C-alpha cells in the first residue's frame, strides 16, 4: 500500500512513493518489478529523495535489487533527508526490483525516480525543467509517465513554454513524446515572452503563465501542418458521416447539420449526429495516403447549443473497407482520446507514432447532450521510397548450367528483396510550429548587420555635421573673410582690391569696377581706424560724418609710414609688400588721387586746357597753384541728410561758399589746428 504514481513502460518509466510530494504515511511498503528486453540493462535516476534516516535506514529506506524473485541480489539500501544520489544505479541484468519501506516517521516526502535502458545515456526525470540546463540547445531522454498531477507547465506551441515548466510534461503536451512510451526531445532555449497561453492537449492542461527570462521549444520533423479541413482543400464530397441531425426551429426553418459543416473555425453550425450513441462516426477521405500526426476538435461553437464530444476513438483504413482502431505500441487495448470539456476550446491530440492512411474516422464515445463537433487534421504528405535500380554485370562468355542457375537465383533474390523490403521515410518539411535552430551563420549575421548599420549611420551623421559646421563657419567669417586654410599665398595679391568696410552705414558701400569683387558685400563687423597726424586730406565719399573713420584711399609720400593704425584682424602681416590703400597712380600722372564718385552733369564745364583745382594739400604745407575754376563734386548722402557736400576751395577763388578765406580740409580724425594757424 505504499505505491504512488507509477508508469512502467517497455523501455522507460516513472515511479514514486505514495502521497509524493507530501509526507508519506507510516508503516507502508511497495515493490516495483521492472523488466526490459533481454540483453539490455536497467538504469535508475532519482529526481527527488527525502526518506527519514533517524534509525539509520532500519525502518524507512529504499532498496534496489538485481533480478526479480528469490534469486535477486541487493545493489544498495538508501535513506536520508534531501539525499543526493551521485550518478545512476545500474543493474547487471534486464530485471530490477525496487522496494520502498516507510516506518514510523514525522517527515519525509519519499522519492520520485525514473528508469530506462542503459542505451539512454541522457536520461532525465519528470521533475527536470529548462532552468536546470545552461546549454542553448540540448537533447534529453524523457521517461514514460511524466504526466504527473504535481507538476505544472505554462505555454503552448508554437509560442513556447515557460522555463519553469517540466521539460518532459511539456514534451507530452507539445506532442513530441508519448506519456506511455517516453522518448527523445530536442530542446531549444530562447528569450522569454511577457505572457504564456494555456491550452489542453494530449490530456495535459497548460496553465497561463507570467513573464519569464527564457522559454523553450522543441525541434521536430515539422509534420504538423493542417491537411485541409479548415482551408477547404478537402472538398465537401469527401466528408461523410453515419447520420445527420435535421430539425425545424420555432420559425419553421429546417436546419441540417451536415458533415461538411465539421470544419474547424468555420462560422456556423457543426456536424451533429441524428442519434447519439457509440456507433456514430465522422469520416474524412484524404484522397491519398497521408501521414497523420494529430487532430484538433471543438464543440458546436454555438452558445445556444451546448454540444460537444468529450471522448472518442480513432479508426483508419487504406480502402474504407477494413478499419483499424488506433492503439499505442505495446498496448493491447484501444486508445481513448480526451475530447472537449466545453463547446469553444480547441483540444489537440497527437498520434505517436503517426497514422499512415487515406481514410480517417472519428468514433465518439462520450458527449454532452448531443454528438456535435468540428475538426482539423494535422500531418503531411506521405510517399513510399523507391528502391534504386541495380545494374547486374553481364554474364561471362564461358559458363555452365550451374553458374546460370546460380546467377538466376541471385537476380531473383535481389528482385524479391526490392519488392518486399520497401521502406518509408519522412519527407523533410519545414517546421513552422516551433522555433527553428539558430546556426552559426545566422548568429554571425545577427551581430554583423546591426553593427554595420550603426557604423554607416555614424559616418553619415559625421559628414552631415561637418558640412553644416563648415557652412556656419563660412557664414560667421563674413563675405570679405578668408577661410582659415587660405589666408596666405595668392590671396595676398588680390587682397588690396577689397573695399573698406563701413563702420556704421552699410547701405552706402563703395563699389569698385573690378569684376572679381563686384559680387561682394561689406562685412558687418566695423573696423575702427585711428590716425594721429595725417599729412593729406580724405575725400568725403559718404558726404556725412559717419564716414570719417574709413581708410584713406590716397597714397602718402614716399618713405613715410601710414599715419593710422589698421586694426583689421584679417590684415596681412607686416612684411607684405601690398598696402591697405588704393593702387598708386600712374607715373605720368599727378601725385594725387581723383575723386571716386563724381557727378558733373549739373555744373559748368571749365575751359579747355584749364585743369580742375586740386582740393588736397601739397607737400611741405604749401598751397598748390590756383588755376582755373573749381568743380562741384557731389557725393551720396544717407536718409538723414539731404545737403550736398562740397570740396573746399583755395582763398581768392569764386565759389558758392565764402571765398575770402582759403582753408584746406584737415584730416578727419585730427583737430583743426592747421586751420587756426592759417586764419
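From the backbone N, Cα and C atoms, a Cβ is placed for every residue, glycine too.
According to TrEMBL, the domain 'CUB' annotation covers 3-118. What TrEMBL lists as disulfide bond is 3-30. If you look up TrEMBL, you'll see 120-216 marked as domain 'LCCL'. Under the heading domain 'F5/8 type C', TrEMBL lists 223-380. Among the features that TrEMBL reports, transmembrane segment is placed at 442-467. Residues annotated as region 'Disordered' in TrEMBL: 638-662.
The average pLDDT the prediction assigns to the domain 'F5/8 type C' (223-380) is 94.
The disulfide-bonded residues listed here are 3, 30; among them, 30 has the most other Cβ atoms within 10 Å of its own Cβ. With DSSP states grouped into helix (H, G, I), strand (E, B) and coil, the domain 'LCCL' (120-216) comes out at 11 helix, 38 strand, 48 coil. The helix, strand and coil residue counts that DSSP assigns across the domain 'CUB' (3-118) are 0 helix, 61 strand, 55 coil.
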